[in-house]
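Here is what Swiss-Prot says about this protein:
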ACT_SITE  178  active site
ACT_SITE  227  active site, proton donor
ACT_SITE  297  active site
DOMAIN    34-213  domain 'FAD-binding PCMH-type'
């Protein structure tokens, strides 16, 4: 746990908020892995104005980390120093604007795809296959089933570390595969997506196909962090992992999924270290057998606690 005195001193240095500040807040319940350490301070802003004021008033030396719904996130046992920001209800808005969909970045990807479908807007069906929030999709150029965020984004609204708002166009995001080139200190709060008029029943049919495909090929009903590694150019990570003999491989309470071996699973009592160590073992075996270095897609944050450490 974080040192109580240091945490109290940190909170004293933070500005007053309308949202919620929680000291030594457990983050494991906020991640799909259900493993990991605590945030020194967790901030849940009431809305974008609350977030902007908080960032403007927070000393520059205080580390700030933003998280979403935790679907593609691993929090190390040593915890996350400084302030962890998690956007909530004030950032879940979804509105239809002509042939566009405007969404807050805490809105779930599946909710955005559903809103577009109900409005008869095609093009956002792929979000049905991404188990995360819009903020994560913006930051990682989230994609599935042949489409990516870069294919549908019109603009994104963000707040920088000084509390200033910015509107970024698609080009400003400098998207590449599973990567956004926008400054790391920007916190996205809203996005506008372009749809195309379509038949609502046809759109729903495609979304249901995506759901069926996910259920048949991915361990979606387990404690998992989604796709573990990015696909290297010219390769599929799961094929490299399978060829390296890693399907079903275990370390502590962590396991490589038997169903889809680019997914790591918490079988019930895995620590964050179990999960990360298993991922590194997979990377080493793939490197040895194929010469390819896998790059993590799961975001890992916090301080690593060495085994046997206090």
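First residue shown is number 1, and so on along the chain.
Quick reminder: no glycine exception, Cβ is built from N, Cα and C everywhere.
Long-range C-beta contacts of residue 178 (active site), restricted to its own chain and to partners at least six residues apart, with a cutoff below 8 Å, comprise 140, 141, 142, 143, 230, 297. The active-site residues under consideration are 227, 297. Their Cβ neighbour counts within 10 Å are lowest for 297. Secondary structure at residue 297 (active site), as computed by DSSP, is coil.
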